[in-house]
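Straight from TrEMBL, the features:
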{"type": "TRANSMEM", "residues": "12-35", "note": "transmembrane segment"}
{"type": "DOMAIN", "residues": "14-420", "note": "domain 'Major facilitator superfamily (MFS) profile'"}
{"type": "TRANSMEM", "residues": "55-76", "note": "transmembrane segment"}
{"type": "TRANSMEM", "residues": "83-107", "note": "transmembrane segment"}
{"type": "TRANSMEM", "residues": "113-133", "note": "transmembrane segment"}
{"type": "TRANSMEM", "residues": "140-160", "note": "transmembrane segment"}
{"type": "TRANSMEM", "residues": "172-190", "note": "transmembrane segment"}
{"type": "REGION", "residues": "201-222", "note": "region 'Disordered'"}
{"type": "TRANSMEM", "residues": "240-262", "note": "transmembrane segment"}
{"type": "TRANSMEM", "residues": "274-293", "note": "transmembrane segment"}
{"type": "TRANSMEM", "residues": "305-325", "note": "transmembrane segment"}
{"type": "TRANSMEM", "residues": "331-353", "note": "transmembrane segment"}
{"type": "TRANSMEM", "residues": "365-384", "note": "transmembrane segment"}
{"type": "TRANSMEM", "residues": "396-415", "note": "transmembrane segment"}
Amino acid sequence: MQAKDSNPPDGGYGWVVVVSAFMVMGLTVAVLKTFGLFFVEIQQHFDGLASTTSWITSVTIAIFHLGAPLASSLCVRYTHRAVVITGGLLAFSGMALGFFGLSMVWMYVTTGFLQGLGISFSWTPAISIVSHYFSKKRALANAIASAGECAFAFMFGPFFQWLISQYGWKGALLIIGGIQLNICVCAVLMRPLASSCLPQASHSKTEIPPGNGASRTDKEDKSPITHKTFNWILLRQPEFVLYTSFGILAAMSFFVPPLFLIPLSYSLGIDESWAASLLSILAVVDFFGRLLCGWYANLRVSKTIHLLAMTITLISTSLMLLPLANNYLSLAIFTGFYGFFFGTTVAIHFTVLADIVGMPEFDSALGLFMLIRSTGGFVGPPLAGLIVDMAGNYRASFYMAGATLIISAGFLVTLDQLQQRKERRSQTTTKLEKSALPYPSLHLLKHQ
């Protein structure tokens, strides 16, 4: 399809794209975050262990991450719109086929693999196209788009619980799949932008003589785009390796609390409707956490990596305290703390990645980061489920998540020290060069 513009408009139709991405975030990640409502229902239906049932979410998370580089490359080859439409159809297929509930393996393939691939093919292009439509207002646009995840999760908690009570968990999956078809509608509004499909077209065209520009532009664009999508050389950078190590451990923890929060509340004797409201509380405080931290980070009062290390420490502390809750009120308070600090982390962790690798390599780094981080998302929920089975209560999963986050913070501290050491070395080199500059010039003046 013909692209409409070659420069980021930083507004105008870009806000339509932001609204579309807002909806896509809600219809993908928000569904994943509230899937814990189905945990007990599916576990009881198949009479399985917590570790066995948690593999459904684990597969979804892993495929969501693993599919990111593939989705990015397909956006380059086709358009963001086409990939998002494909993602919407895959997400619908996963939920609709999950309606049959033939076996636990069937659930792994449908609501696990197909749903995860649908989320990946929808989420990745939506995030990407917003970044291409905005330059100066990119942080604000991304914050608004990502807030769709929180807004929809707030509504989906009680709504999904009502669907389960009225139609059973199988009927609820089918209805949710139908709702996810609206991803295709949102995709239609994502009008292709030249810079989003051909990031370096403007540079290559200026160097091509008239007459044979079309063919040479295509040839020159294909190479750098492929390089940007699969730039494995980033793995040679110690900073990127340290940050991906943090990402793996963080992913092991991030998806555990939403999965086991509802089962924990049931074990405390909390009513189903009240338990579902915990997910709404989680979504609201997550929303405000993102906006507040995004605003504060833009002030540049402190380094973003310092802010991230602090929020990770606060998340781990709240997760360690959450299992101490013994009633709805205390559980809601600790859930609120966790959700707020989680939102602050989500608001800036991709910004830190951009600071580490630079914007020219960001697209490649994002896909590679998501690919590597998938190992943590794949291992985390089943490991937490195994610990729950061994301990005999759901509290153990939160202790595991909190401890893993504390370890991940260590990688951020190491990364910050490495960056500071390089900055000091660079400053020393610059000072030496400046101090050496006047002497040659004085020598030349003497001879004149």
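Cβ atoms are placed via backbone N, Cα and C, with glycine included.
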### Message
If you count every Cβ pair below 8 Å, which range out of 12-35, 172-190, 365-384, 396-415 shares the most with the transmembrane segment (140-160)?
### Response
12-35
### Task
Test the contact criterion for the transmembrane segment (113-133) and the transmembrane segment (12-35): 3 or more CB pairs under 8 Å, pairs 6 or more apart in sequence, then answer yes or no.
yes
### Task
Count, for each of 12-35, 240-262, 331-353, 365-384, the Cβ pairs lying under 8 Å from the transmembrane segment (172-190), and report the range with the highest count.
12-35
### Summary
Near the transmembrane segment (274-293) in space but 6 or more residues beyond its ends, with Cβ under 8 Å, are 30, 33-34, 36-37, 143, 146-147, 149-158, 160-161, 258, 261-262, 265-266, 307, 311, 328, 331-332, 335-348
### Query
What mean pLDDT does the predicted model reach across the domain 'Major facilitator superfamily (MFS) profile' (14-420)?
84
